[in-house]
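Feature list (source: TrEMBL):
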- B:66-254: domain 'ABC transmembrane type-1' (DOMAIN)
- B:12-33: transmembrane segment (TRANSMEM)
- B:66-92: transmembrane segment (TRANSMEM)
- B:104-126: transmembrane segment (TRANSMEM)
- B:132-153: transmembrane segment (TRANSMEM)
- B:190-213: transmembrane segment (TRANSMEM)
- B:233-254: transmembrane segment (TRANSMEM)
Amino acid sequence: MPERTMIEIASVTRSYGAFKALDDASLSIREGEFFSLLGPSGCGKTTLLRMIAGFDTPTSGSIAIDGQPMNGIPANRRPINMVFQSYAIFPHLNVEQNVGYGLKRLRLETGEEKRRVDEALAMVSLSGLGKRGATELSGGQRQRVALARALVMRPKVLLLDEPLSALDKKLREQMQVELRRLQQAVGITFILVTHDQYEALAMSDRIAVMFGGRIAQIAAPKEIYQRPVNRQVADFLGGMNFVQAEIVGEDAGQILVDTRALGRVRTDKPKLFRKNGGSATLGIRPERLRVLWDEATAKFEVAGKVVDRRYFGEITHLIVEIPGLEKPLSVTETNDFGADDIPIGAPIRLAYDPDALVAMGE
Amino acid sequence: MTAMRKLLANWLPAYAFLYIAFLYLPVLLLPVFSVNASPIPKFPLTGVTLDWYAGLPRTPALLDAAWNSLVVGIAASLLSTLLGICAARAITRYRFPGRRAVSGLIMAPLVLPEIIVAISLLLVLLQLGLSLSLFTVVLGHVLICIPYSMTVLTSGFEGFDRSLEEASADLGESAFGTFRRVTLPMVAPAIVSSLLVSFTISLDEFVMAFFLTGTDPTLPVYIWGQLRFAAKLPGVLALGTLLLAASFLLLTLAEMLRRRAERRANPQGGVLA
């Protein structure tokens with residue numbers, strides 16, 4: 001991937017009176033990247049997207065697209081297009097007219113406009129539906145029209161505002177695959193706003209996780225999931241067991257901690273690591289703990305007792321009490337060996353990889 | 001409880017029937033007497049004739065009044081719709097201090113005693129040194145048409161998805177282009193509906209026209225003048241029937257358009273796959 005910056009956001013703040021919807025956000029997005037802004041509602045992700053699109057103006061800071069500063073440039077003169085959450089399909093126009101809406105202004109040669117519209121419709125598998133009225137479309141089709149309408153303009157950046165949230169689960173998963181494939185085919189920079197962590201993890205090259213108007217972490221999906229910088233990010237991306245540990249050694253990049261029940265662990269210092277007294281919080285994902293059956297042993301294991309069990313079809317969640325740990329550990333185990341049949345109260349041994357224990361910053 | 005319910009079930013339809021009969025029977029008598037051969041509106045009818053209708057176009061004063069009404073109606077409906085568009089757009093689209101108060105004040109002429117408003121307006125206009133003419137009638141009519149325009153237009157504008165205009169801008173269209181290609185086509189039915197409603201109101205309006213007109217009467221004022229002459233009554237009945245039919249037609253059309261505008265602004269169905 002060429003390492004050219006497509007979007008540069010420099011200390012952008014958006015205030016409404018005393019309330020800061022976005023607080024000093026800085027990030028740069030590379031050309032051809034699939035970038036997601038992930039966070040709960042009200043975290044500022046949509047505000048940031050709307051400022052990139054030109055529908056909102058930063059209170060301070062600057063936004064540049066492909067090296068061009070965007071201050072004072074209105075939405076209709078920015079080299080970007082957007083897929084709206086409501087899709088915003090023009091109800092008085094048919095599919096073809098919707099897709100060709102932006103081309104009308106370009107005054108293309110005869111036939112060229114039609115060719116580009118057809119090409120865009122083919123790209124989103126809507127060939128042959130050009131004459132269909134906008135109000136006669138299903139949710140999935142409306143979304144495809146919105147995509148085609150934006151892509152036909154050949155923007156430098158495509159913005160997607162929660163594009164899949166109105167679709168049902170099955171269609172949503174199918175569209176995730178299609179969106180990702182489409183992005184790789186056209187090579188355009190995509191910026192996706194979503195509150196669905198699975199969506200962000202499945203589609204993105206990189207993710208910015210946001211809370212309360214601030215960017216908490218920017219990293220690749222695997223990094224975000226496995227090495228979240230703090231408890232908030234860890235929790236938002238999925239289940240996480242938190243373990244208190246005593247710091248027994250420290251050098252420039254790493255700390256050595258004693259978790260008692262899970263032994264001594266050496267781990268990377270997270271960004272924004274702050275020692276509170278002599279203790280640190282470590283986290284381990286539930287699927288990184290594995291049930292040890294019968295005589296099986298592991299280099300790192302811990303014994304406990306099952307106190308609760310929840311069945312989810314392909315997996316089972318076990319809650320395991322470990323002597324010496326304040327909170328019981330949550331474990332997800334696939335059901336191929338019978339985790340769904342472990343009786344509550346049964347003794348159990350868990351294997352873990354100390355590398356999966358990561359220190360949390362605050 | 002069941003006895004009460006039984007009583008209601010028996011009497012409610014009868015009550016509804018009486019109520020509607022009381023409302024509309026007198027109105028229905030108008031066309032009936034307008035084709036009566038005898039000039040006296042009394043049963044039994046003496047025969048059927050269209051003479052009274054035939055006589056209408058031969059009355060120059062009536063034709064003048066009809067022309068005046070047409071001019072006033074068109075001017076008042078255009079003006080009140082134009083102002084209504086601005087007001088309805090501001091009220092449905094923006095939140096500003098005093099929004100409720102402003103919308104209340106615009107709607108107020110609906111409930112104010114019309115005769116008081118007419119007299120006040122007359123006093124103000126005379127103080128300003130304006131001479132009474134069809135123009136002053138238009139001013140009065142705009143005042144009472146605006147609440148109706150506002151109601152029709154607000155229901156057309158409300159629920160207008162703002163992201164449609166943003167999508168248009170996003171696709172490169174200017175503010176004016178967006179208005180022409182997206183906003184206008186979507187609210188056009190509501191605008192036409194507002195024009196029709198205000199035209200109808202202006203056409204039927206009497207009190208304002210009576211106080212504010214100079215020497216040119218509008219149709220209702222002309223009718224009022226004719227009522228003093230018993231011989232002219234059948235002609236007035238015929239004219240009234242025509243006015244009634246025109247109003248009914250225009251209002252039906254307006255309501256159909258208003259519903260269409262509402263559907264456009266909030267398209268139902270097909271939202272989920």
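Along the chain as shown, residues are numbered 1 onward.
Quick reminder: no glycine exception, Cβ is built from N, Cα and C everywhere.
For the transmembrane segment (B:66-92), same-chain residues at least 6 beyond its ends with a Cβ under 8 Å from one of its own Cβ atoms are 99, 102-103, 106, 134, 137-138, 141-142, 145-146, 148-150, 152-154, 156-158, 160, 191, 194-199, 202-203, 209, 216-220. The stretch from B:104-126, B:132-153, B:190-213, B:233-254 with the most CB pairs below 8 A to the transmembrane segment (B:12-33) is B:233-254. Segment contact is absent for the transmembrane segment (B:104-126) and the transmembrane segment (B:233-254), given fewer than three CB pairs below 8 angstroms at sequence separation of 6 or more.
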